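To start, the structure under review is shown below, and the notes come after it.
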Amino acid sequence: MPAPSQDALKEIFNLYDEELDGKIDGTQIGDVARAAGLKPTQAMVVKASGQEFKRKGEKRITFEEWLPIYEQLSKEKEQGTYADFFEGLKVFDKEESGKILVAELRHILLALGERLSADEADELLKGIEDGEGMVKYDDFIKKVLAGPFPDSD
């Protein structure tokens with residue numbers, strides 16, 4: 001996928017400008033980069049922006065301040081492959097059935113690595129549980145890697 005033009009990036013940036021002042025909240029730096037097609041972790045966003053914004057309203061940044069952060073993030077290598085995630089979740093598949101408990105997967109999402117909020121975990125897990133409270137982790141990984149808008153390509 002080719003990188004968006006500067007005009008397209010400005011348009012995406014402006015979608016997040018809730019106060020219509022030509023700026024976004026510092027907490028949205030990663031969200032805007034993700035909307036522009038990148039997949040940075042929160043740690044990558046903090047590193048590229050030089051600081052972490054924890055509270056909304058802490059600092060607002062202009063497009064001109066955001067663009068170098070985006071460019072830095074676009075140079076980062078992709079995070080995690082299908083095989084990486086598969087091997088990681090296979091550890092929890094004691095019966096080697098290709099499935100793990102949805103409760104266990106939820107715990108993993110909430111407690112390990114770059115932790116998700118309960119709402120984010122629930123959104124990811126929506127509709128993937130079978131009648132026995134299990135998740136085929138192969139399907140889960142494919143869903144996650146497809147992103148939030150899998151049919152938009």
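Quick reminder: no glycine exception, Cβ is built from N, Cα and C everywhere.
Under the heading domain 'EF-hand', TrEMBL lists 4-39 (among others). For the domain 'EF-hand' (4-39), the residues of the chain that approach it from at least six positions outside its boundaries are 45, 49, 53-63, 66-67, 69-70, 73-74, 76, 78-79, 147, judged by C-beta separation under 8 angstroms.
Sequence annotations record features per position, and here TrEMBL assigns domain 'EF-hand' to 80-115 (among others). On the 0 to 100 pLDDT scale, the model's mean across the domain 'EF-hand' (80-115) is 89.
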Within the domain 'EF-hand' (80-115), residues counted as helix, strand or coil by DSSP: 19 helix, 3 strand, 14 coil
Secondary structure content, the domain 'EF-hand' (4-39) (per DSSP, counts of residues): 20 helix, 3 strand, 13 coil
